[in-house]
Structures are given as C-alpha cells and as structure tokens.
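Worksheet: one structure, shown below.
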Amino acid sequence: MSLGIRYLALLPLFVITACQQPVNYNPPATQVAQVQPAIVNNSWIEISRSALDFNVKKVQSLLGKQSSLCAVLKGDAYGHDLSLVAPIMIENNVKCIGVTNNQELKEVRDLGFKGRLMRVRNATEQEMAQATNYNVEELIGDLDMAKRLDAIAKQQNKVIPIHLALNSGGMSRNGLEVDNKSGLEKAKQISQLANLKVVGIMSHYPEEDANKVREDLARFKQQSQQVLEVMGLERNNVTLHMANTFATITVPESWLDMVRVGGIFYGDTIASTDYKRVMTFKSNIASINYYPKGNTVGYDRTYTLKRDSVLANIPVGYADGYRRVFSNAGHALIAGQRVPVLGKTSMNTVIVDITSLNNIKPGDEVVFFGKQGNSEITAEEIEDISGALFTEMSILWGATNQRVLVD
C-alpha cells in the first residue's frame, strides 16, 4: 500500500516531464552567414607596401649600427593609415615608434608592437593618466607638467619613463629652457621626482638648413651634458636624440643615439630623391559629356569652353580632400596623360577636359596624386597650387578617403 502511494505521489512529476518532451522535434537548420560585399568607394588612397618596405629598409641600412631608429607614425602615419603602416614597421623589427594621441598608442599596442612607444608631443593630464595602460614614454618639457605626471604615477603605483625635451633647437614649443641656472634647477627637480625615470633627453630642429642644424646640434650637446651633470645621470643610461628626417640624411653627426624620422618613410623629403613615394590618390570617371564652345563650367561660371569639348565627371570633391584651390589650376592623370581641371571644384565633383584623349570611357582610372604610366602629379605641384605642405594634404586625404594596401 505504501509503495502504491509512493508511485501516486510521483505521478505529477511523470506527467510534467512527459509534457516537456519534444514531439517530432526537428533541429533548426544551420544559418549560413552571408558575406557582405565590400563597399565601392568613389575615391581611395593606395598605399604601396613595397615602396614603404623599401624606404624602411633603406633608412635602417643608412643608420647601420651607428644609431637606433624611432619611426614617427603620428597623424595616422601622416595620413597613410597607422593600421597599415605599423605592421610593416613591426615586420622590419623597428624598435621604437613615436605617436601623439592615445588612440594611436592603443592601436600600435593592439597591433602587437612590444618595443619602445614614445609620445612625441606634450600631453594633457587626462591623456597621461590613461596612457599608463600602454607603457608609453612621455615627453616632458616643464616642471609643472612633470609634477602632475609624477602624481599620476604615484597614484597608480608606477614609475613612468620620460624624455626631457630641451629648447636647444629654438622651437619654443615643448622644451625646457636650460641656458640659465633656473632652467637647470628645474631639470634637477624633475630628475628627483620619485615616480618618473628620465630615459631620454631630446630637442628638435625648426628648419631644414644643414648649417643651422649643426649650430643647434652643438647647443644641444652642450646643454644635454649640463643637464646630465645636474641630474646626476650616467650618459650611457640616457638616450640622446634630436635628428629628424632632414638632419638624418644631410648631417650624419646629428644622429646621436637615436633618430626620429617620419616623412622619409613615405618618400616625403627634400633632402633625397632616393626614397619612393608610397601614396597614390585615385578615382574613376563617372560619366562623359559633350559640350559646345562658349558653355561655362561649374559654380560661378569661372571657366568658359574655348572649343567644343569632351568633359569627364569625376566623383571627387572637397569633401574628399580635393580642395577648391585646385579649381582651374589642378590636373589629373587619365590614360597616362595630364588633363586639366575645369571650373570650381564642387563638394563631390571635379570636371576635367578629356577632349584631346581617345577611347576614354566611364570607369577609367583617374589619378589626382602619384604616377600613372609615364606621367606623375608630384608633391611639389600639389604644394605650389595649394599653398600647403604636402603632409597637410596627405593627412587630409587620408582622413577623407579609404586607404588600401597594394602590391
């Protein structure tokens, strides 16, 4: 009787369990993820892997074992895309990378760089507090800033490596003025901050003149020696560095312990023609139209056709970094031939005259900077028309166009 009662007590559980069992259960079909097609862009920047790799190796060969290399990749690698450039530096065993903002610090570390990571400008207190996560060597040029960084380091129980910037080059930007007792005393106090470690002393050249470089170098050598003495630091324990791209190529004695170079990696230097350009700015023809002599072109009718003309519509404008200064002044390359920009550059459109060309069709490649066939739009041409440094333009183009690694 008791056994029957026990089974009756379990009956509700059997019923519930049975009700929970699937009937004619069919497992869901495996969902196959659809591959999304790549977005087709109206314009893009090609970054030549082979040219970049060539330039890096050439700099390394130039320096040999006489000095170390810090690759400056600030400004999103001068507009060339840090995420594309940094891995090539890592592949070439570059030991030091210089950047500016915390996003760049994070990106370089996330890409797997394990070497020295240096900030090459003064940082805000908020930046410095966060940057301790990335094991960065901060640039310090005044006592107050050093004290604030020391407090951050103490709060986080860390010792932060720093590079003391001197104003030896006369930039009057980041550096500590040490040509007087007050400046030397500040340098001494910086060295005594318990949570900072001086690992480098640096300065910067404000102009590209070999004789001026030598003058500034002599001043830096003298001042850095004085600073080392008041700080009580061993010379072999501190990296001295001042050379930029121009100084590195033209004044070898400026190399010291390390050089900081950036533009040279992209072929952007007046000091040598031995380095290759890395960037090409491209688009395609959207449409072709025929217009009679006397028609005007673009906003404000700034150009009047002098003949019956064939005009190509290129989907690039100042929204893509092709500024209005190129209106009626710039050129593009189509089929290896130079063609003039007519009228004012619109936000999203440029018109070029292809009347003299044959067999041109929509979809054909257009180059606004770089080489196509035997023709080239040079950096000097871009600078002459725009009134801007080419670096300004490359950073602008990089910020407004997709960058793709080629060859």
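Glycine too: its Cβ is placed from the backbone N, Cα and C atoms.
Sequence annotations record features per position, and here Swiss-Prot assigns active site, proton acceptor to Lys74 (among others) based on sequence analysis. With a 10 A radius on its CB, Lys74 (active site, proton acceptor) counts 18 other CB atoms from all the protein chains. In the three-state DSSP scheme, Lys74 (active site, proton acceptor) is classed as helix.
According to Swiss-Prot, the active site, proton acceptor annotation covers Tyr299 (among others), on the basis of sequence analysis. Every protein chain considered, the tally of other Cβ atoms within 10 Å of the Cβ of Tyr299 (active site, proton acceptor) stands at 12.
The substrate binding site annotation in Swiss-Prot covers Arg173, Met347 and is backed by sequence analysis. Contacts of Met347 (substrate binding site) defined by a Cβ separation under 8 A and a same-chain sequence distance of 6+ are given as Gly317, Tyr318, Ala319, in order along the sequence.
Around the Cβ of Cys96 (disulfide bond), 22 further Cβ atoms fall within 10 Å across all displayed protein chains. Annotated disulfide bond per Swiss-Prot: Cys70-Cys96, in sequence order.
Taken from Swiss-Prot, the feature S-diacylglycerol cysteine applies to Cys19, supported by sequence analysis.
Residues or ranges marked as N-palmitoyl cysteine by Swiss-Prot on the basis of sequence analysis: Cys19.
The N6-(pyridoxal phosphate)lysine feature in Swiss-Prot is assigned to Lys74; the stated evidence is experimental evidence.
Taken from Swiss-Prot, the feature signal peptide covers 1-18, and the record attributes it to sequence analysis.
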Spatial separation of Tyr299 (active site, proton acceptor) from Cys70 (disulfide bond) - C-alpha basis, Å: 47
Measure from the Cβ of Cys70 (disulfide bond) and count the other Cβ atoms within 10 Å, all protein chains considered. 26
Within 10 Å of the Cβ of Arg173 (substrate binding site), how many other Cβ atoms can you find? Include all protein chains, please. 13
